[in-house]
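Here is the structure we will look at, set down as structure tokens.
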Amino acid sequence: MKQLRLEPVVQVRGEINIPGSKSISNRALLLATLAQGTTTLTNLLDSDDIRHMLASLKQLGVNYRLSQNNTVCELDGLGGVISSESAQELFLGNAGTAMRPLCAALTLGQGEFTLTGEPRMEERPIGDLVDALRQLGANVVYLKNDGFPPLTINATGLSGGDVEIAGDLSSQFLTALLMVAPLAKGSVNIHVKGELVSKPYIDITLALMAQFGVTVINHDYARFEIVAGQRYVSPGKVLVEGDASSASYFLAAGAIKGGEVKVTGVGRLSIQGDVKFADVLEKMGADIEWGDDYIIARGSQLTAVDLDMNHIPDAAMTIATAALFAKGTTVIRNIYNWRIKETDRLAAMATELRKVGAEVEEGNDYIKITPPAVINTAEIDTYNDHRMAMCFSMLAFADCGITINDPDCTSKTFPDYFKQFASLQG
């Protein structure tokens with residue numbers, strides 16, 4: 001197994017241009033596919049998740065042209081639903097942002113589609129989405145365990161009408177349903193059961209749908225109305241914002257060991273909720289400066305916080321490791337959906353924090369972290385989870401440094417992360 005040793009870093013300073021958002025990249029690729037006209041996407045993320053989406057779209061007959069560095073994609077829309085005369089089997093790796101939306105989109109047309117993935121994907125729930133699609137007439141069959149991939153879709157289109165969907169596990173299910181609703185045969189009324197998690201991710205979806213010409217009536221995130229007869233129309237060009245979750249590591253670095261770190265590609269005009277991560281750093285004592293398309297973090301002594309971070313679940317992971325450098329006990333609350341991500345992130349985070357000496361209480365939907373008097377060096381397991389690897393790079397700011405196992409797992413969203421991280425040192 002490959003390992004990366006990060007030696008102690010005294011101070012960080014510099015500027016990082018954040019690669020494109022995974023969430024926006026895969027949403028925009030699917031909407032561009034369903035839209036009428038050709039769309040040019042710039043600052044597209046070049047990563048495993050996006051490659052799985054692009055490979056699947058190509059297999060389904062979608063024509064696109066990629067730039068040499070894979071960050072500009074010119075895609076010819078189908079002007080409607082995806083259909084196939086022959087049965088198709090699509091492998092989606094561990095890409096939830098491809099599996100969930102494609103599962104929904106493929107019910108709209110005609111054909112037989114089987115969706116598979118890596119072993120971890122078979123442990124990531126999709127039942128709430130499938131239940132909702134079945135209410136609209138979809139024929140979906142699980143091939144192994146009920147509620148989980150792999151699955152086969154026998155597509156004949158979706159009817160309109162009222163549909164209930166659970167909102168308390170993952171916002172990706174609602175996102176997938178929203179994106180396909182305009183192409184159903186009738187108007188769709190979506191009723192959300194339970195408290196909707198990760199609402200800012202729904203805001204991303206609604207903003208992109210509007211960019212492609214579709215209007216959704218949002219009744220305080222409890223009910224959504226999508227009137228029949230709407231069509232996606234290409235806006236011509238779509239600029240993919242930098243990934244706000246990826247920005248969190250560099251902002252935390254600035255807060256812990258700045259110096260001054262500036263991230264560009266996200267800022268006060270961002271449609272991503274994870275930019276609110278900077279507000280949490282500010283509450284902890286960091287000096288934060290906002291621009292329209294940049295954020296600057298400067299270091300100071302950090303103090304612990306006790307906060308509900310349901311609205312920034314991915315970026316909240318970075319607070320867990322930043323907490324090792326804060327005075328007091330930090331509590332991150334309402335994060336049950338960490339458990340259904342690339343790994344069970346609550347269990348993984350607790351295990352690895354204890355390795356470096358932290359006192360950790362792992363609850364069902366919270367984590368409580370008290371830093372040790374002296375941080376220990378350790379070998380950090382990453383669980384094939386890109387965010388575990390990037391979060392624990394913060395331990396380079398301890399006096400002992402840290403070893404990261406399987407550092408290449410960052411290829412899911414940020415293949416050259418450690419190279420960029422190293423560029424801030426000195």
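Even glycines carry a Cβ here, placed using N, Cα and C.
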(message) Looking at the 3-phosphoshikimate binding annotation from Swiss-Prot, with Lys22, Ser23, Arg27, Ser170, Ser171, Gln172, Asp314, Asn337, Lys341 already listed, which candidate in Ser159, Ser187, Ser198, Ser300 is the matching residue?
(response) Ser198
(request) Determine, to the nearest whole angstrom, how far the Cα atom of Gln172 (phosphoenolpyruvate binding site) is from the Cα atom of Asn337 (3-phosphoshikimate binding site). (result) 11
(request) Please give the greatest C-alpha separation between any two of the phosphoenolpyruvate-binding residues Lys22, Gly96, Arg124, Gln172, Arg345, Arg387, Lys412, in angstrom, as a whole number. (result) 19
(message) Can you tell me whether DSSP puts Arg345 (phosphoenolpyruvate binding site) in helix, strand or coil?
(response) helix
(request) Report the member of Arg27, Arg124, Arg387 (the binding-site residues) whose C-beta atom has the most other C-beta atoms within 10 angstroms. (result) Arg387
(request) Give the distance between the Cα atoms of Arg27 (3-phosphoshikimate binding site) and Gly96 (phosphoenolpyruvate binding site), rounded to the nearest whole Å. (result) 12
